[in-house]
Amino acid sequence: MVDKLIAPYGGTLVNLIDPAKAAALRQEALSLPSLDLDWRQQCELEMLMTGAYSPLAGFMTRAQCERVETARQLDDGTFWPVPITLGSRQQAAAGLKPGDRVALRDGEGFMLAVLTVSDAWEAHDEWHLGGAIDGVALPPHPDFVSLRATPAELRTLFARRGWRRVVAWQARQPMHRAQFEFCLKCGIENEANLLLHPQVGGDITEAPAYFGLVRSFLAIRERFPAATTQLSLLPAAPREGSARALLLRAIVARNYGCSLLIAGGEHQIDGDCRRGEDLTRTHSDLPVAELAERVGVRLIAYPRMVYVEDRAEYLPESEVPCGARLLTLSGDEFRRRMRAGLKIPDWYSFPEVIAELHRQSPPRERQGFTVFFTGLSGAGKSTLARALAARLMEMGGRCVTLLDGDIVRRHLSSELGFSRAHRDINVRRIGFVASEITKNRGIAICAPIAPYRQTRRDVRHMIEAVGGFVEIHVSTPIETCETRDRKGLYAKARAGLIPEFTGVSDPYEVPEQPELAIDTTGLGIDEAVQQILLKLEHEGYLR
Ligand SMILES: Nc1ncnc2c1ncn2[C@@H]1O[C@H](COP(=O)(O)OS(=O)(=O)O)[C@@H](OP(=O)(O)O)[C@H]1O
Ligand SMILES: Nc1ncnc2c1ncn2[C@@H]1O[C@H](COP(=O)(O)OP(=O)(O)O)[C@@H](O)[C@H]1O
């Protein structure tokens, strides 16, 4: 049995923040240029400053990157698998040269560190900066404060609890029973403690699923023996699942005090469980296990785990008795059931974990969505939007917001006209408000002309990230609209009294793939609304 926690990679744990110097650095930064880091760069900086990337003490220079790419070595010959770099497209980065100092800030201007530039080069339309870091403060994380710990803090905690051999589970995905059982088994077989280290680096405003992930870990933590298991958040940004990235994770695990790392075991988008063997052997161009040994961390390949019904337990496939009845659920089937709100069997995942995932992304009928009408003036957008809102409110149980053109132009866009630029601003504002409503699980109904394809596409992307988006092209031809001419605008436009009038003297780009197209010529309003309701029902938005 080992008698001490594994030493950090390179021997000493790096800590780039000296609180005694912070005030002086902040003062100096008043006269320094600044770079704003995006969330990914902030993650990398945090990993450097806390020593998770020990022995690195800054971003790599070009020569160091090349050496890592070709020989996988740092200057002193230490093995290192991936370049750690800082690239920026900001103007402030362009003029920097070796010897310059630059303040690194988060998107809000909060100061994180000062970088002393030792190399600056241009590649892929970006300025790359290498150099040493003087840390001022870690990026602020207002969420899950009690679950955050630096490598030094975790090491102190482990030492206090008498932990000497720790196995890490670094995951970007929720843990189900197969992974749970395997982690338990690893702990027992290796006489090791377990660090559950979900990888949570990301932009929380863009990826709200992160909260559900962490809550699902809080739920499953209760299933592990409390005395031997620790849950903490790893502020690392996602990387592709390559062998090199795995080796970097091994270094990170070591710096956090772990001498064992479980490799693989997460569900992939393509539906199958990624197996440790895939990473350590089959798909690798590197002798991964050997290199991991140089890092000092033993990789434990996650095998294919199957549920053996007769024994009511999970086993690695290789240990399954001959002829045993097995149960499996593919990743695709799991996601289909989650989307539809169907039951997930208890043998697959713990009910409290599923409950957290459901809370985070409820089935479609409880998600927010936006119905986005687009079409010419007089096509019937407002009429249909109002009638649809009324029908949805009549059904009850959902909050419906109508963002009709008139309302928006009065309250949000009163200063705007009808130039292309102004129409774009108008439609993007509508999209932003609708995305907030959708994110908070309401129904937004929008009815602008929205004549430009690209703008509509951008709005769709923004909203689809947080819920549903249903585009309805009210495709009533201009002849009908002009005959209706409810407000007399077409007559005025033809007479040249209104410039830039959509369909007359301004373009309307027809939607290519709307969820629904409705020509209201000779169609009753009720019939049209019925078509929309059927569509919403069919897509799963309505019960
Ligand atoms: N030049 C010009 N072109 C088109 N429409 C005009 C114009 N000038 C005023 N109006 C009136 O404004 C309404 C369209 O505003 P929107 O906010 O929906 O337009 S846009 O999406 O920003 O293009 C539109 O209302 P609807 O008839 O309800 O579509 C018109 O009544
Ligand atoms: N099936 C239908 N759907 C919507 N509007 C219709 C329909 N049939 C006739 N109309 C009439 O067409 C006009 C559409 O005007 P409006 O809804 O203000 O259009 P928009 O908002 O697209 O400018 C209204 O006078 C409405 O009564």
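Cβ coordinates come from backbone N, Cα and C, glycine included.
Features reported for this protein in TrEMBL:
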- 6-127: domain 'ATP-sulfurylase PUA-like' (DOMAIN)
- 146-359: domain 'Sulphate adenylyltransferase catalytic' (DOMAIN)
- 367-519: domain 'APS kinase' (DOMAIN)
- G375, L376, S377, G378, A379, G380, K381, S382: ATP binding site (BINDING)
Taking every protein chain shown into account, which of the binding-site residues G375, G380 has the largest tally of Cβ atoms within 10 Å of its Cβ?
G375
Around the ATP site formed by G375, L376, S377, G378, A379, G380, K381, S382, list the extra residues of the same chain whose Cβ is within 8 Å of the site's Cβ centroid.
F373, A447, I449, V474, T476, C481
Between the binding-site residues L376, A379, whose Cβ has more other Cβ atoms within 10 Å than any of the rest?
A379
Other than its own, how many Cβ atoms are within 10 Å of the Cβ belonging to K381 (ATP binding site)?
27
Which chain-mates of S382 (ATP binding site) that are at least 6 residues away have a CB under 8 A from its CB, listed by sequence?
D404, G405, D406, A447
Taking ligand 1 as the reference and 6 angstroms as the Cβ limit (strictly under), which binding-site residues among G375, L376, S377, G380, S382 are close?
S377, S382
Neighbourhood of S377 (ATP binding site), C-beta criterion under 8 angstroms, separation at least six:
I449, C481, K487, L489, Y490, F501, T502, G503
So what's the mean pLDDT when you look at the domain 'Sulphate adenylyltransferase catalytic' (146-359)?
89
